[in-house]
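Annotated domain 'RNA polymerase Rpb2' per TrEMBL: 93-264, 363-426, in sequence order. Marked as domain 'DNA-directed RNA polymerase I subunit RPA2' by TrEMBL: 480-537. Residues or ranges marked as domain 'DNA-directed RNA polymerase subunit 2 hybrid-binding' in TrEMBL: 595-960. For 880-906, the entry in TrEMBL reads region 'Disordered'.
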């Protein structure tokens, strides 16, 4: 996901680490690093990003309108264009092969006509649609009229599927009358009319004829994804039909905020189009510079001057290079590097994007989950953040299975910053085997299949019929033909079988969007998409027997809306018999993201609590990196003694989260004790903290570059060296002028010393921090081994739990440490004598309804007694052993004492039997005794292990505020 298209052309900007394919087994990925020094890299991390000035930068995935698909819209801004415009239009974002795009809009006028709008150099130009139609192909008024009115017939006026009314003929006449009023009768006259108006704005075509200028306008700005004018003509006819259907209310407008009509701007595509524009700017400037020199030479010759020694010779390579050096090529790479550093676009055209900032962010390594979430995040766009409407933030049904419903921030970016589900991926220029796709060959194969099953291809001079008798077939925004309405479902089924067939040439991620006929619904048609940057996810095609061929099919959000997909439990969810299910979900947890899949039994929690956990999991102080000994991050959080959770989901093992643990299994008692646990306050066992529970450190690296200090003064040449005269600094600074590793540095205490070879003076540098730190390591620049002049000093700040620090369970139950209570005064169990590590208030559960936290406490107690991990995957009833294997196993209660017992009816029953078998209370409660008085507490207390996370919000970092 890191700009793989042009990395070889940016070798001075980025560094690329070649890693194994992501579908390799994790053991092979780990072994691939065996020839490197142990600890230099993180295990099983195959992610691409940019490293600029020591910072890890990632290019965001941004939402864009779906390419090459005409969308009907209703917006008030359309009526503000000019007098006579309405609020209705059909918009299409056409994308070239080089990923640059041009948006074309077809506006509807109050008089029944239409205008075609497109942008040139940041300005919108409008043309009568009739002029464009006659300029594209050599056609007649009768052919245009018949093509526009083919969607209407008297017998279909009020029937299902009718998308036209009798007004379509009147509108077609108005469009043709506008052309006649301009005295344009032939294609050449229309081309000259367009060329005459656009010649002043078309740079480099000043000497061309009007017809050549018009051809350039039609080629470069109108439906740029199509190479043939006949295809452009057919597409414009289709857009007019859809626009008139919208006006007559026989079809509804498309929702631009729906994932059905969206795709993703990939990092490689962004860098490609930005680099293309910068290359064009450089070539334009170079051409102007050379042309100015040539004109200057011709002026000298015309004046008859004899001074030709300094004149420019275009045939001389040295003279041409001298002129081109005034416009250095380095500006191109600097522009791309600046984009990656700041995330800002410096462009005059806007690149057909809705924003010019916020394209890159820093890949924070607070913990592993936060780091990988940057690569699964999808942002709606910075331009939508300031909107006061909540329409763009809503979670729509079309995003089911593609965007996680709970993994989104609960603050300002709520609904704008989403995350892809664990099964969702994005199509690219590479197939599943890593080979570059030949899209021309793929489309040719699909076209041949369609013709073989009965599609009538779109040919020049062949007038096509329209809905409801036949439906248009569009392949990547090109009208390739039409199919009878009665045949479309059979053709769709045939294409789906070819998709999953191993011997078929049809791409397995082909999106088959069949919009059926309806009364006042979406505009019907068969839309096929093979382009990159689309969301796809796997489902099981139950109409294909698994024995016959592989029945896992990749589908997109456009086709999913009109498909019948059932849940994996076999339930139809109220589906009528008229619409039987054709597909089935692979697993219910496929609708959740990687982070959301780690929440145990999330189906038993209130949904806001699952949202909070997705955020707090990314704010946890955890085991952030396995290469921590060799990293020089500006700030790095590290948990000293993390543990593996007893209760875990299948995704925990699948994604290898044990390589980067983020919490501790704490014994949690739910009771009101001492009064320090009111509201969200919680009590920690002081002895547990002293034994290392939730202890951590913050690593901060300071870079000292003596070359920068020397460059500020002309009479200075500094190196690292300690003064032998001043003995006070010998306790903290070694003879090389750098601090001892493991030395504690107090405030205002010297930690390194420099020697100026010019003035023969030494100068110690004192630390300005307000707390003592420990020197963790010192790294020197290896370029100058005798006298290194650059060093990285990493300090370690101890961060042991104190009053005011925040903690959280995996169920959104956040609490603040209110007291470190002595172990001797803590209540103890009458069964085991154990004292809790943590006490929370019982009022934390009723209003928040985090039932899964209660289940985790009971299950973790049973798992620790039986000696295995408990599978807490949501939407699965039985508790299964995991033991490092993500495959479901038999229930833990089915194999006891050589006897097979009946399977429990519910999860609670199975958990209760786990405890009962080991002599504990069925409900997970125990009798506790007061640690102060030694008397039995009046009620039984719910107690058990719960996996707790320590958040990065610590008092030691905020006390100065």
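The backbone N, Cα and C atoms fix where each Cβ goes, glycine too.
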**Report entry** Leading stretch by Cβ pairs under 8 Å, where the reference is the domain 'DNA-directed RNA polymerase I subunit RPA2' (480-537) and the options are 93-264, 363-426, 595-960
**Finding:** 93-264
Query raised in the report: Do you know the DSSP helix, strand and coil residue counts for the domain 'RNA polymerase Rpb2' (363-426)?
Result: 15 helix, 10 strand, 39 coil
**Report entry** Three-state composition of the domain 'DNA-directed RNA polymerase I subunit RPA2' (480-537), taking helix and strand from DSSP
**Finding:** 13 helix, 18 strand, 27 coil
Report summary line: On the domain 'DNA-directed RNA polymerase I subunit RPA2' (480-537), the mean of the pLDDT values is 93
